[in-house]
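Annotated features, as they stand in Swiss-Prot:
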- R110, S111, S112, L113, A114, R115, D128, V136, L137, E138, Y171, Q182: dCTP binding site (BINDING)
- E138: active site, proton donor/acceptor (ACT_SITE)
Amino acid sequence: MRLCDRDIYQHLQDGKIKIDPTPDYDQISGVTVDIRLGNKFRVFEDHQAPFIDLSGPKAQVQEALDHVMSDEIELEEGKAFFLHPGELALAITHESVTLPDNIVGWLDGRSSLARLGLMVHVTAHRIDPGWSGNIVLEFYNSGKLPLALRPKMKIGALSFEVLSAPAEKPYNARVDAKYKGQAGAVASRISSDDQSK
């Protein structure tokens, strides 16, 4: 069952769902709570590697990722991040989100931004039960013009769904969880995957 605005507000008041900073009441509507853009980004460096072999040896995968990912870029107050056409970048939400083990979150981009060519999440829009941390956004500009993105602008919306029972393996209890407590624009940790499974 997806939570309505009234239930989202109540879950926030009761501390079942934690969002920091706490959203204003007017950020909650229908079945979502608005989230804003944070100030940390990463970009892919052009021509630093001919390719990334995602199924190669872990050390080679990590080495390739280290070559293609920029250091984290932290914007000063009032500055904009420019995402150019055809460019992929990582960013974080301004808000940190903590979910209990019986609620899954769903991140959706804004229609107004999509109509300008901005994809807020390339594929990863599920926020697992037991998650705690900032959410990394995978931005892609499929439009024709560069887009200026500013910290604290409204970037997307989260909805929440109650599971039929608490998850047996919530994110915060998993040994293989790669992004626990992330607070920055964390690059892919695919090299940590167990390739034998």
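Every residue, even glycine, has its Cβ placed from backbone N, Cα and C.
Not measured: the values here are computed from a predicted model.
Taking all protein chains in view, 9 other C-beta atoms sit within 10 angstroms of the C-beta of S112 (dCTP binding site). Counting in whole angstrom, D128 (dCTP binding site) lies 17 from the residue listed as 'active site, proton donor/acceptor' by their C-alpha atoms. When the record's dCTP-binding residues R110, S111, S112, L113, A114, R115, D128, V136, L137, E138, Y171, Q182 are compared pairwise by CA position, the greatest distance found is 33 Å. Listed in sequence order, the residues of the same chain lying 6 or more apart from R110 (dCTP binding site) and placing their CB within less than 8 Å of its CB are V120, K154, I155, G156, A157. The candidate set comprises the binding-site residues A114, L137. Of these, L137 has the most other Cβ atoms within 10 Å. L137 (dCTP binding site) carries a strand DSSP state (E or B). Taking a C-beta cut-off of under 8 angstroms and a sequence separation of 6 or more, the residue listed as 'active site, proton donor/acceptor' has the following same-chain neighbours: L88, L90, M119, V120, H121, V122, T123, A124.
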